[in-house]
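Student: Below are the C-alpha cells for one structure; questions will follow.
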C-alpha cells in the first residue's frame, strides 16, 4: 500500500523535489509514447530508463531520509520495461534472457502480482542479473500477447534466446528472483565474507547451506550445485568459510562438508546427514522444506499440491479455534516427517476451504474438520471422531500405516417404502445393488445435469411398465452426494443394469434410447431368466 511522505520542516526542499519528480514522470510518459510510436525508438527508451534510474539513485544518496515507499515503488516499476506492438519482438530477440509478465488491467491477481514482480526486478538489478524484466498489457496488445502464447492472466514466461518456457515458481518477489536466477545459470549464491552473509540474512529466511573446503572441483560441491540447478524453489547458498557458515547455521558442528536447511519456524535448523549426492539432497529438501504445519494460502497452493509428500492431512478450522491446536499439531508433525504433511486451512476462507469440504459433502461445516488426501492413490479420508490432539495423532498413525479406511460420501439412508424407484445412497449401495439377489436397473444422476431430468421421467415410466415383473428393481443414486468404490461413472446421466449373479460387470445402457428401446433391451437381457418378462411398452 502506498503511503504519504512524512511532513518535513524544510518545505522548500520538499517542494523542489516534488517539482523534479513531476518532471521525471512527464519524461517517463513521453518516453513511453515515443516507444509506442516507432520501433526504432526502443533502444533510446532503454537509455532514458537507465538515466532516470541513475537520477533516482543520486537523489536517494543526497536525501535518504526523504525516500518514501511511493518513490521506492515508482522506481521499481520503472525498472520493468513496458512491451507493446512495436518493441516486443526486438527486445525479446535482442536479449538473452527476458522475463515477461502478461497482465490485464481488470485482473485482480495481476494487480496483486505486479508489485511483487517489480520488486523482484529491483532485486535482480541490484545483484547484477542480466535478465530483462518486462510486462505487457495482454488486453490492449492482444495480438502480441497471443503470439507470445499468453492465454490467461497473469502469465509469467521466461524467454531464453527467443524461446519461451513457463514459469513454475512461487509468487513472492523472493521466489521469483530465485527461479529466474536458477533458470539463467546462477543456481547458487556464493558468500565469502561475514558482511555479505549478514546482508543475505536480512533478505532471505529460508535457504539450504553448503559448506565446502574447496568451492570448485570436489564431488560433494558439484553434487550440491547440481541439486541447486534441479530445484526451482529454494535458495542454495555455498561457502568455504566456516565463520560464514556458523553465522548462517549457528548449530554447525563441523568445519567442512556440511549441508543444512534453514527455515523460519520452530524447526529452524535441520542438518543433512546423508551422502552428498544430488538426488539425496533433493529428497532431504523436499521432505523438510515446508513448515511442520503449513498454512495454505492463495500464493502457495501450487507448491503444496506439488509436494513429493503425497499423504496430506488437512485441518480446517477458524483461526481462533486453531490457536489451541497449533502446538500439538507441530508435535504430531515431528513424528511423521517425510511420511505425511500437515496443512492448516482457515475454514472461513471459502475460496480455499470449500472445494475440499465439498468433496466430503460437508460444505456447511463450521467447526474444526480433519481430513486427508492420498494423492498417490486418489483416496480421501475423514476423521469422524472429535478432532482432539490425541484423536488427530491416532488418525495420522493409521494413515501412515495404511489402517484407515477411505471415506466415501453418503446422504442419510432414505425411507423407500412404496417407492417405484428406490433411492440408493453411498451407505446402502452394497445392500441394495451389489449384494441384492435381484436384477437392478440403476439410474446415476446429478442435480446439475441438463439431461438427467428427462431420463428420470423415462425411468419412472419404465418402472411402472415393469411393475410386477419378478426379480427386477429400479433404483437411482445422486452421484454428487454419494460415492462407492465400485461405482465409477464418467458422464451423467448413466443407466447401469446389474444382472443377478453378474454384479461385478454391469451392462451400460444407452441414455439416448427411447423408453420403448430400453424396454426391449431389458426384456432381451432378462427374458431367458424370467418368463414374466414383457415384450412391449
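In case you wondered, yes, glycine gets a Cβ from its N, Cα and C as well.
In case it's useful when we look at the structure, here is the feature table from TrEMBL:
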SIGNAL    1-30  signal peptide
DOMAIN    59-185  domain 'Thioredoxin'
DOMAIN    399-527  domain 'Thioredoxin'
Student: Roughly where does the domain 'Thioredoxin' (59-185) sit in mean pLDDT, to the nearest integer?
Tutor: 87
Student: Which residue counts does DSSP give the domain 'Thioredoxin' (59-185) for helix, strand and coil?
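Tutor: Breakdown, helix to coil: 61 helix, 25 strand, 41 coil.
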Student: Which numbers of helix, strand and coil residues does DSSP report for the domain 'Thioredoxin' (399-527)?
Tutor: 37 helix, 25 strand, 67 coil
